[in-house]
Amino acid sequence: MDKRKLALVFSQNDHQTHPPEDMAVTNEGVSQSDKNVERGNWSSKTDYLLSMVGYAVGLGNVWRFPYLAYRNGGGVGITMVLVSTLVAIYYNCIIAYSLYYLFASFQSPLPWADCFSWWGADETCSRTPKDPLCNLTLDDGYFEIVNTTWLHVNNETCPHGSEIYVHHQGPSEQYWDKVALNRSSSVDETGEIVWYLALCLLLAWLIVGAALSKGIKSSGKVVYFTAIFPYVVLIILLIRGLTLEGAYKGIEFYIGSQSDISKLADAEVWKDAATQIFYSIAVSFGGLTTLSSYNKFHNNCFTDTLIVCVVNCATSVFAGFAIFSILGHMAHVQDKLVSEVAQSGFGLAFITYPEALTQLPVAPLWSILFFFMLVTLGLDSQFATIETVTTSLQDAFPGLLRTKQYYLASVTCFLMFLFGLVCVTQAGIYWVNLIDNFCAGWGLLITGGLEFIGISWIYGVNRFIKDIEMMIGKKNWLFWLWWRVCWVFISPCLLTVILIWSIATFAPPTYGLVEYPFWATVLGWCMIIFCIMWIPIVAIVKIIR
């Protein structure tokens, strides 16, 4: 019998025979034999594509890519599941921060619009980052420092050259530290659980659990809203931003005359660009594999890949315009350079941008839209991350868990909520930053590199191409030429260079000006080792067997 007619594709536990290539139907439909009756399939192709786009397009598209543009101016299966688990724990904490700010936005004026005493603003809080003082020498030879407010009240001025400046926290920065996080001085001081963040974290996990109660059948419907709504908000923010005075300053800073083309010769720029796209598309998290595993066998995976990659990259660029147009207005109002108001990561999402929103008419409305967008961006990425964990457990124990999706999702979300409570203590932000620095970095690079080696060099790129052609049909050799070179040489080499470069330039993590103690850095490396050690362990076990 022809070998092609005996082609079998096995999942880890489901030895299911798929139809051979000549049984594949055209694009107009798929035969019933193409379905996976035991595991189930997506209700429609739209459910799948929106889930993939929602998974790839997340919070990083809004705060990480614009910051990188500013600064540069962005086994294996067990490892994937472990990395996804650790990332899911802290990722929902970021959603909890967004939920807290969303609820806080339902008041006018916004609480971080000024140094209000009712939320505990102290003497270091000021809308002016540099508060000018006078250093005066009195007639009797004594020195005295006088606040310029007193001078203005008494119709006096600072003598030339006597001005000194005391650095203060802006209201949005102090609100983030003192109120939203109730942050302690270091990771050593765990403090208490911040109860309102714990409630927001619980709400986030309840939403995730409800969306996954029926697996892809329920989450595939929720993403119709969570994947599309952020684009509506980004368009609204962009239109509003472009109508503001000074918006052009932000756009110029983003891609225009203020861009520094010479930095293209800097290796650090290319490292940032590579890691940004690597993490943004969520390669090696396992979520893309999980979502795709519910497709019918003859699904055109090549077209889906192009759609997800193009939409993800375009969203990052588009979000940059929406963000920097409003930051340009903020810089114009404060008479500063855009570089002086831009921050990275959490600072952009929870300090800089909220402060910029306070300077818009009807500020609460824009704040509600922005943080609701962050919540939806985070949720649809979280859906796929948790689906990765639950699907892996179901595939490992099909007889026990296959028909118990509701209970499995509920228990998984509850346990992760408990694990995540450390991230909503007064030292919680330090833990979030620590996990993000280590688990969402080194583990993914190593996993991605080993995937390339395993598929292209060990399994064989020719076998892999034949497997794909069984699903999408025969292609000529020229079509595969680029992909052969990419899979065998370019991608593995790039990942190796990025990994070596990252290790060579490694510096202990910090949060702002706060340095982590030695034990925290060791713990970060231990988390990485725990995630990746299963790759050689499983390989050795398989060889022995």
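Easy rule for this one: first residue shown is 1, then count along the chain.
Any Cβ shown, glycine's included, is placed from N, Cα and C.
Source: prediction; values computed, not measured.
What TrEMBL records for 15-38 is region 'Disordered'.
The transmembrane segment feature in TrEMBL is assigned to 48-66 (among others).
Secondary structure from DSSP puts Leu377 (Na(+) binding site) in a helix. The feature Na(+) binding site is assigned by TrEMBL to Gly54, Ala56, Val57, Asn61, Ser280, Asn312, Leu377, Asp380, Ser381.
What TrEMBL records for 78-103 (among others) is transmembrane segment.
Under a cutoff of 8 A between CB atoms, and with a sequence separation of 6+ in the same chain, the neighbours of Cys115 (disulfide bond) are Ala121, Cys125, Ser126, Arg127, Pro171, Gln174. What TrEMBL lists as disulfide bond is Cys115-Cys125.
Residues 92-93, 95-97, 99-100, 103, 180-182, 218-219, 222, 378-379, 382-383, 386-387, 390, 405, 409-410, 412-414, 416-417, 420-421, 423-426, 428 of the same chain, all 6+ positions outside the transmembrane segment (193-212), place their C-beta atoms under 8 angstroms from a C-beta of that stretch. The transmembrane segment annotation in TrEMBL covers 193-212 (among others).
For 224-243 (among others), the entry in TrEMBL reads transmembrane segment.
Positions annotated as transmembrane segment by TrEMBL: 277-294 (among others).
If you look up TrEMBL, you'll see 306-327 (among others) marked as transmembrane segment.
Marked as transmembrane segment by TrEMBL: 365-386 (among others).
Taken from TrEMBL, the feature transmembrane segment applies to 406-429 (among others). When Cβ-Cβ distances below 8 Å are used as the criterion, the transmembrane segment (406-429) is approached by residues 85, 88-90, 92-93, 96, 181-184, 186-194, 197-198, 200-202, 205-206, 208-209, 212-215, 346, 386, 389-390, 393-394, 511 of the same chain, each at least six residues removed from its ends.
Marked as transmembrane segment by TrEMBL: 441-460 (among others). Sequence-distant neighbours of the transmembrane segment (441-460) (same chain, 6+ residues past either end, Cβ-Cβ under 8 Å): 76, 79-80, 82-83, 275, 278-279, 283-285, 487-488, 491-492, 495-496, 498-499, 502, 528, 531-532, 535.
Look at TrEMBL and you will find 481-504 (among others) tagged as transmembrane segment.
If you look up TrEMBL, you'll see 516-541 (among others) marked as transmembrane segment. Listed by sequence, the residues of this chain that lie at least six past the ends of the transmembrane segment (516-541) yet keep a Cβ under 8 A from its Cβ atoms are 75-76, 78-79, 82-83, 86, 186-188, 430, 434-435, 437-439, 442-443, 446-447, 450, 508-510.
Taking each of the binding-site residues Ser280, Ser381 in turn and counting other Cβ atoms within 10 Å of its Cβ gives the largest count for Ser381. Neighbour counts were taken as the number of other C-beta atoms within 10 angstroms of each residue's C-beta; across the recorded positions Cys125, Leu377, the minimum falls on Cys125.
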